[in-house]
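Database features (TrEMBL):
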SIGNAL    1-21  signal peptide
DOMAIN    22-310  domain 'Plant heme peroxidase family profile'
DISULFID  CYS32-CYS106  disulfide bond
BINDING   ASP64, VAL67, GLY69, ASP71, SER73, GLU80  Ca(2+) 1 binding site
DISULFID  CYS65-CYS70  disulfide bond
DISULFID  CYS112-CYS306  disulfide bond
BINDING   HIS185  heme b binding site
DISULFID  CYS192-CYS217  disulfide bond
Amino acid sequence: MASVSCLSLLVLVALASAASAQLSSTFYDTSCPKALATIKSAVNAAVAQEARMGASLLRLHFHDCFVQGCDASILLAGNEQNDGPNLTLRGFNVIANIKAQVEAICKQTVSCADILAVAARDSVVALGGPSWTVPLGRRDSPKAASTSMVTQNLLPPTSSLTQLINGYGNLGLSPTDMVALSGAHTIGQAHCPSYQDHIYNDTNINQAFATSLKASCPATGGSSVMAPLDTTSSTRFDNAYFSNLLSQKGLLHSDQELFNGGSTDNIVRNFASSPSAFSSAFATAMVNMGNISPLTGTQGQIRTTCSAANS
């Protein structure tokens, strides 16, 4: 039985490798040469109008890839969007607008999954972060993931370091990838219920920082209250998030777990002291995340509207 399980695992790994190998940065060079420029222009306009939108578009790509792979299932109206971890997602209108622009120049050619991947990269760049070459050629899932799959794969802000390492590891991402991707919290905001327990009950938090947060975030309720994930520079993509962790100013319990006497402490120290080390690791980790179980070739479809499967 063990040998059969090992064989099955090898087959799955081989299939995943084959799928990711089919992705190519030049995928649309002939079929839709203006696709990337069109996406970039739309993202830049959205971020210029509201800097926080950059974080929201990046988060959409995360929540898509972590559940059922990078297949744009998160964009299907209702479904995953109604599951607890996704209730605060935003930016769907921006993606819909980008899709409409791309469809106008290349009908049913560019997938919603690829638009999410490119928009995430362009959002980071628009906020001063690193760029990377996005492998392309993903196709869209015609159906959403189950609620159980969402809750199993999207780790809550109460997660321990072990849970974080295991959760990312299950998707083929290393601890270094995990810490680097957590650095996406250098932009954006979080709602009070996601950091309540940390500021009221945890001891590994700067007490002045906790007190300042309690002024607006009550011990219960407060769902409309938000705070920046990076208290230093929430609209600039930099490495300040890691410096905050060194000072015990991580907003979420799961943030501070990365620097709490555990195995990732030195990775945090490295990223805090070297902006270039973080930028390089983040770019690598984003490509790795974008390679999670993509649909390629004849799998899936190219949706004409991101919010609904083709009829």
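Just so it is clear, glycine is given a Cβ too, placed from its N, Cα and C backbone atoms.
Everything TrEMBL records as a feature, shown here on the structure.
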residue	record	CB count, 10 Å
CYS32	disulfide bond	16
ASP64	Ca(2+) 1 binding site	30
CYS65	disulfide bond	29
ASP71	Ca(2+) 1 binding site	29
SER73	Ca(2+) 1 binding site	27
GLU80	Ca(2+) 1 binding site	24
HIS185	heme b binding site	25
CYS192	disulfide bond	20
CYS217	disulfide bond	22
CYS306	disulfide bond	23
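The recorded positions under consideration are VAL67, CYS70, CYS106, CYS112. Their Cβ neighbour counts within 10 Å are lowest for CYS106. Each residue contributes its Cα atom, and for the residue listed as 'heme b binding site' and CYS192 (disulfide bond) those atoms are 15 Å apart. It is 29 Å from the Cα atom of GLY69 (Ca(2+) 1 binding site) to that of CYS192 (disulfide bond). GLU80 (Ca(2+) 1 binding site) and CYS32 (disulfide bond) are 30 Å apart (CA-CA, integer value). Checking Cα-Cα distances from CYS65 (disulfide bond) against the recorded positions (ASP71, SER73, GLU80, CYS106, CYS217) with a 10 Å cut-off leaves ASP71, SER73, in sequence order. In space, SER73 is the closest of the recorded positions CYS70, SER73, CYS192 to CYS306 (disulfide bond), judged by Cα positions.
Here the Cβ of GLY69 (Ca(2+) 1 binding site) has 22 other Cβ atoms within 10 Å, regardless of which shown protein chain they belong to. For the pair CYS70 (disulfide bond) and GLU80 (Ca(2+) 1 binding site), the C-alpha distance works out to 14 angstrom. Of all the disulfide-bonded residues in the record (CYS106, CYS112, CYS192, CYS217), the one with the smallest CA separation from SER73 (Ca(2+) 1 binding site) is CYS112. For ASP64 (Ca(2+) 1 binding site), the nearest neighbour among the disulfide-bonded residues CYS106, CYS112, CYS192, CYS217, judged by Cα separation, is CYS112. Geometry remark: CYS112 (disulfide bond) versus ASP71 (Ca(2+) 1 binding site), CA distance 8 Å. Mean pLDDT of the predicted structure over the domain 'Plant heme peroxidase family profile' (22-310): 97. Checked against GLU80 (Ca(2+) 1 binding site) by C-alpha proximity, the disulfide-bonded residues CYS106, CYS192, CYS217 yield CYS192 as the nearest.
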